[in-house]
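A.B. asks: If you scroll down you'll find the structure; I have some questions about it.
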Amino acid sequence: MFEKLRNFRNLDLIFNSISDMVFLISVGNDGVFRYVTANEVAIKLLNFPKDYSGKSLENLMPASSVNIIKEKYKKAIESEETVTYEDRIAFPAHPETSVSNYVWVESRVTPIINENGTCEYLISITRDITEVKNRQKELSRTKEELELIFHHVADAIFTFDENGDYVSVNPSYTNMFGWTNREIKENPKISILTSEEKDRFSEILNYLRSGRVIEAHKSRRITKDSKIINVLSSYSPIMDEGKFKGGVAVYKDVEKIKSLKNKLKETENRYRVIVEHTNDLISVTDKEGIILYASPSHEQATNMSPDFFVSKSFLSFIHREDMLKVENFFQNILETERSSEIEYRRLNKNGVALWVHTKGAPVLNDDGEIEQIVFVSRDISNRVEREKELEMLALFDELTGLPNRHLFNKQLEIALKKANYKETVTAVLMMDCDNFKSINDSYGHDVGDEVIIQFAKRIQESVRNVDTVSRFGGDEFQVVLPRADDKESVRDICQKIVGAVEQPISINSDTVHITASIGIAYYENGKDAKTLLKEADEALYTSKKSGKNMFTEYQPPKTNIWKRILSNVSKNESN
């Protein structure tokens, strides 16, 4: 069988077109496994020498990996069936570093049995799944963190489905309203709404279906024992590919908030002077980074007693991704003997990250040498979160979730740079929703917003994954189409958009008919982004003027024959 494979003229092509590592291994009578051939991916990743063929598994792979691999090979031979396994193994050390690299792999080992019923060869196809494993680990950690927050947060939290029926409640919800998670699951239609709030909740559901968040507002709710309490309610939708699947509600007990505020005010009045100096997290370390003192404010921020920190390393409570950055920050203070600042994440008792801004200042002894370092840290978690939100707002349209003008321009510049090196067509589309103003005026802004959302969705569904659809504002949209096969492919996409958009839209009890006009500009002769956008806009104008519900390709204006003659005469005279 192997002789047939060897004689197959496209063996190398098959091997080297596979992105996974592929090995053909001979099974010796002496029980030794030897590599016969491998594809280029395997040779490169495993740093195999040029003369690897014929060498044994022990000659080429680290000892820690050999035992794992041999066990699976033997299992495949004994069972005469394909064996699939996942494991973490060491790859051979790189010649320049002499350090082995450990990776997670998924392997399929298939025995090749000859006519005598003996296994002569094994085919092993191996894939590096380290990234997948890391993602799974990160997802698991994130899930655990969310569950920890859900079960221990002081606020009442419950999740509900698309109909507003309960899915789950946290312990704080039970404490506030009396209903347990079990009771909720047995009867998901249990209501805590007062009669006047029931209609309002229907409005809340409709609002959430559009993907919008409802910020904290005052509401009245009924507990299990029929007591009416005042709460601050906030709701967030759970969306799956643009579809409303349910939501999360958070309730804060207003009376408890008032009580806490009163207690806090009493404490502030009593310890005002102390609090003024201990709002920030203050710690003192020696020059080795061992904590000598931690201020009382640590307990509130980290849920750990200040004494817990004493005699431990300053680096013990740093988020692992920021560890190197903080080490360099600490080392910089020691080397320069000057103050320094840094922003990083530190961990509380439950392993939850807290963003802090820290100032570190050296304390010198009489000899001018560093004796201690004082750190003052301030919680900036809210600011960091706001910055992330602002970053999203700066790049994406709030209504449709599409890239905005700023992000689109970046994507367009990237596409134009790549267009210079690719034998493909790059195009820019400018489009809008025909007669949108009259639709908005006739049906109202809510319907108008839904029309824009559906318009954007239909454009997005009509283009390729590599294309960028952007909303510039109002009913104006732009699309960059990089690496299209030819202009005909661009026309096909435009026709697909026009066809998709003209399908009727049902909004509540109304049926709205819309169409799209499109202008096309092609990247040619080193045009810049500004020129392309201008040409696409002119082509759009032509589509609108020609009857709408169509696409038009930009055509450069024809130069008057006399102007060309005069231009040539002028050039000749100047020469």
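Residue numbering: from 1, along the chain as shown.
For all residues, glycine too, the Cβ spot is worked out from N, Cα and C.
Sharing the features that TrEMBL gives for it:
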type: COILED; residues: 250-277; note: coiled coil
type: DOMAIN; residues: 83-141; note: domain 'PAC'
type: DOMAIN; residues: 142-212; note: domain 'PAS'
type: DOMAIN; residues: 267-337; note: domain 'PAS'
type: DOMAIN; residues: 340-392; note: domain 'PAC'
type: DOMAIN; residues: 424-556; note: domain 'GGDEF'
A.B. asks: As a quick check of your reading of DSSP, tell me how many residues in the domain 'GGDEF' (424-556) are helical, how many are strand and how many are coil.
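C.D. replies: Counting residues by DSSP class gives 58 helix, 40 strand, 35 coil.
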A.B. asks: Could you break down the residues of the domain 'PAC' (340-392) into DSSP helix, strand and coil, giving a count for each?
C.D. replies: 12 helix, 30 strand, 11 coil
A.B. asks: In the domain 'PAC' (83-141), how many residues does DSSP call helix, how many strand, and how many coil?
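C.D. replies: Tallying H, G and I as helix, E and B as strand, the rest coil: 12 helix, 32 strand, 15 coil.
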